[in-house]
Structure formats: C-alpha cells, structure tokens
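Worksheet: the structure to be examined is printed underneath.
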Amino acid sequence: MQGAITRARLQHRPARFHRAPYRCIPSIAAAASSGVAEAPSSGGGAKRGSVVGAAALVVGTSIGSGILAVPQRTAPAGFVPSAACMVTCWAFLVIEALLLVEINVHLRRKKGKDAGGDGDGGGGGQLEVISLKSMAQETLGEWGGNLAAAAYLFLSYTSMVAYTSKSGEVLSRVVAGVPEPVSGGAFTAALALLIAAGGTGVTDKVNQLLTFVMIGLLLTIEVSAVAFGAGLTLPANTNWEQVPATLPVIIFTLVFHDIAPVICAYLGGDLVRIRLSILVGSIVPLLSLLVWDDIALSISTDLDGFDILDMLNTEWSYTVVETFSLLAVGTSLIGTLLGASQFFIEQMTNLVSSSAQGHEEEALRHRGAKTAVDNNRLSYIAAGAVVAPTVLIAATVPNSFSIATDIAGGYCMTILYGVLPPLMAWAIASRMSDSRAGSVEAESSVAGGSGNVDLTSAKPVLVGMGVFSVLMVFEQMSQDFVSFQSYLLAWTG
C-alpha cells in the first residue's frame, strides 16, 4: 500500500487530516511526489498531476492480498456467476467512487483549496487532502465524523488480522515446523518495527521494491498460465445461489476508495481528469482479477474450494507463487500498519496538545530534541497498539483470514464506501436546494476547476445507491446469522 506512505510524507498536518491505508505502484509514488513538489503554482493554465499517475494510484491500491482469497470463495459459484458478480461490484464501486470525488471536490471548492490554479489552496506546494472522516464531519456533523472514524478503525484491525493470518499461513509452508501464529506474528512485528524505527522514508523505499516485484510476479503468473493452457475455459458448475457469499471478498479486493481524496488533491480538483483516472484505473484490477479467477478455477482440483496449493501442484513454480503470495500480503500489511499507526499518533498528539494548553511558552522552550524523541516514542506506542490485538486475535481465532475479510468487505468497507457517500451527497444536495441561487454554497459547486458538481438532481440515484449498500450489509448479516446457527448446532450436537 504505497499510497499511504506517499501521503504520510506529503502531509504535515496530523490534527487535520486522517490517513487511510492504500497501495500504490512504485513509479507512481515518484510521480505523485514530484507532482506535489513541482506542480506549477501560477495561474497560467498549467494542470497539476497527470491522469496516468492518478490511474496508476488506483491500480496499485486495488492489487493486494485480497486476490489470494477470491478463488476459494468463487469456486462454489463457478466462473460465470462469480465473473458477473465481479463486474457488478466493480460498477457499483466505481459509481460510489465517482460520488466520493464529487463530494470531495465540492468541499475543496467551498474551502478554496484549489484556488489559484495550483490545487493546494495556499498549502505551499503540499497536497491538502480532505479525508473521508473530514468529509463526513463536514457534511453530516459530529456523528458522521465519529462513524467514519470508528468504521475506519474497525476496518484497519480486521484487515490487519486477515493479513497477519495469511502471512502466517504462507510462511508456515515456506519454513517447515514453525506454527502459523508464530510466523504470522513475527512477520507483522518485523514490519511494524520497520515502520516505527525507519519512518516513512525507509518504509517507502522498501515498499516500492516489494510492490514492483509483486506486480511483476502477478503478470508473470497470469501470462505463463495462459501460455500453459490454463484459464480461458468455462468451468461446468454455475451455482448462482452461491454468489452472495462472494460479495465481501470481491469488494475487499476491488476497493480503492481510500485513495479518492488524494487523487482529488493530486489533480487539483479537476473533475474531468479525476473521473477519467478512476474509470481507467479501476478497469485494470478488474481484468486482472477476472483472469486470476479464471486461471485458478481452471486448475483447481476441487470445485467446492480452491487453495493456493492447487497452483503449486501444477506447472507453477513453488518459489514464484509463494513469493507473490507473501509480497501481496506484505505490501497490504505495510500500508495498513502505517495508516493505523498514524491514526493513533494523531489521536495521541491531539490528546497531548489539548492537555498542554496553558503551557505554550514552556512547550516552545523545550521543543527541538524533546519533540523528536517524543515522536519516536509515539511511533513505537502506536505500532504496539495496532500489532498486539491483531496478533492475539489472529492466533486465537480459527480461520481468521476468511472471517476478517468477510467483516472488512461485508461491513466496514460497505459502510465507509457504500452507505456514507450517498448520505453525504444527500446532505449537500439538501443544503444546495435550500440555499437556492446566489448563496455561497451554490456558487461553490460550480466555481473553479473543470466539470460541475450537480448533486441536487441526483437524489433518486442517491436513494438507489444507499438502498443497495444497506441491502448488501443486511445480506452479510443474514449469512453470518446462518453460519452462527450452524456453528451452534454443531457445537451443541
């Protein structure tokens, strides 16, 4: 999740901006960084960032460890039903992402962050990102911000549990005799130490290398698979009733919405280019996922369930597949660790700042070295707060990877990126309708930048999107209830 690292390096306002985890391919980390440092600040019409760079951010954000869990979940349904589900989820997520950027750009224009042609709103060349938490708080009030923060924190922990569990599973196959909880916990702790001790600079370089190799291995696997005759066939089973069970992991894999606010800042609030980058960038992960799923199901030895070992037992190189699996988990884990750690650092910093009010002069005299030591100490404390519960849950809960991906995709991501955006857009549309023409709110919706934000005429669409998101949550709840009943029957029997 290279993007979290890039954003951590570019932002120096921890009290204002909330960081979320995402991944990015290495070439775009440099593009985003140079786009911020060297973007033209004059009003001469030069545009900030590039569509190619923003689209690559979307690609890097979507490709990660979630792809490892997809074939196992889609095998009972078959390729055709699962492919239809993937395309449907992709379309839904793209619509939600486009809605998110409409809201974000509306708020950016309202606050004048993209005024003057440089897109930084006077930020001195740095990206000023309006995070999802800030968006919810601005549009829905305090309860919206709190809901977004809680959902994000829960999403971070469930994602961490999934990544820790899967890393232990992969490492236990590579290093014989080491239990999964031990190997997974050690792997997670090592990456946490890298982030806490090395900081974003060292972590950025390490993650760029890992992400570059991971994407290269993915392309190698898929191209080689097709060359060997795998994929491009339609499995015999088509069980459409199994499709709902595939929704959480597909959403977990295709989500890129945490990068949407950054793209809005990176492209200076230019809606035309933002929409194009999202459409182009989201198609690549979809196609990769479809090819991966087709290959995996075509070589699976059991249509009722797929495991990565099915690939290892065919023409696939053991080293290539296992290395890709570990890198997919590692890059996802680094971004999530960094994002969650930064969240705790922000909260602790705000707490210390509020308690230090009234001692400002004394604090100024002791700034310098003491601040550096305190920041370093906070990094270790935050990393511990993220890792300790994660390792404990992953070690004690059976099948924690599958459970965590279901929770993250079925609840946390659906609420954050499915339910909240229509609610925020509805709130903005209601305010614009009430204020009518001539008000600051209405003028801010069309002032500056390319494209117009028009949410007042989209209320029927917002209702449909909100209802669809809520139905997805209820569907996940019904599946969990049935699973819980089955567990109780098996336990009492």
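Positions of Cβ are set from backbone N, Cα and C atoms, glycine also.
These come from TrEMBL:
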| type | residues | note |
| --- | --- | --- |
| TRANSMEM | 51-71 | transmembrane segment |
| TRANSMEM | 77-101 | transmembrane segment |
| TRANSMEM | 143-163 | transmembrane segment |
| TRANSMEM | 183-202 | transmembrane segment |
| TRANSMEM | 209-233 | transmembrane segment |
| TRANSMEM | 245-267 | transmembrane segment |
| TRANSMEM | 274-292 | transmembrane segment |
| TRANSMEM | 324-345 | transmembrane segment |
| TRANSMEM | 380-401 | transmembrane segment |
| TRANSMEM | 407-429 | transmembrane segment |
Among the ranges 51-71, 77-101, 245-267, 324-345, 407-429, the one whose Cβ pairs under 8 Å to the transmembrane segment (183-202) are most numerous: 324-345
Stretch contact, the transmembrane segment (324-345) with the transmembrane segment (380-401), Cβ-Cβ under 8 Å, 3+ pairs: yes
Stretch contact, the transmembrane segment (274-292) with the transmembrane segment (77-101), Cβ-Cβ under 8 Å, 3+ pairs: yes
Beyond the flanks of the transmembrane segment (143-163) by at least 6 residues, Cβ under 8 Å: 18, 20-21, 65, 132-137, 188, 329, 332-333, 336-337, 339-340, 343, 386-387, 389-390, 393-394, 397, 400-401, 404-405, 407-408, 411-413, 415-416, 420, 423-424
Tertiary contacts of the transmembrane segment (77-101), as residues 6+ beyond its ends and Cβ separation under 8 Å: 132, 135, 234-240, 242-243, 245-247, 250-251, 254-257, 260-261, 263-264, 271, 274-275, 278-279, 282, 286, 289-290, 293-294, 297, 303, 417-418, 421-422, 425, 462, 465, 468-469
Surrounding residues of the transmembrane segment (245-267) on its own chain - C-beta under 8 Å, 6+ positions past either end: 3, 6-7, 20-22, 24, 32, 35-36, 47-49, 51, 53-54, 57-58, 61-62, 64, 66-67, 69-70, 73-74, 76-77, 82, 85-86, 89-90, 93, 96-97, 100-101, 104-105, 108, 113, 119-120, 127-132, 135, 273-274, 277-278, 281-282, 285-286, 289, 339, 405-410, 413-414, 416-417, 472, 475-476, 479
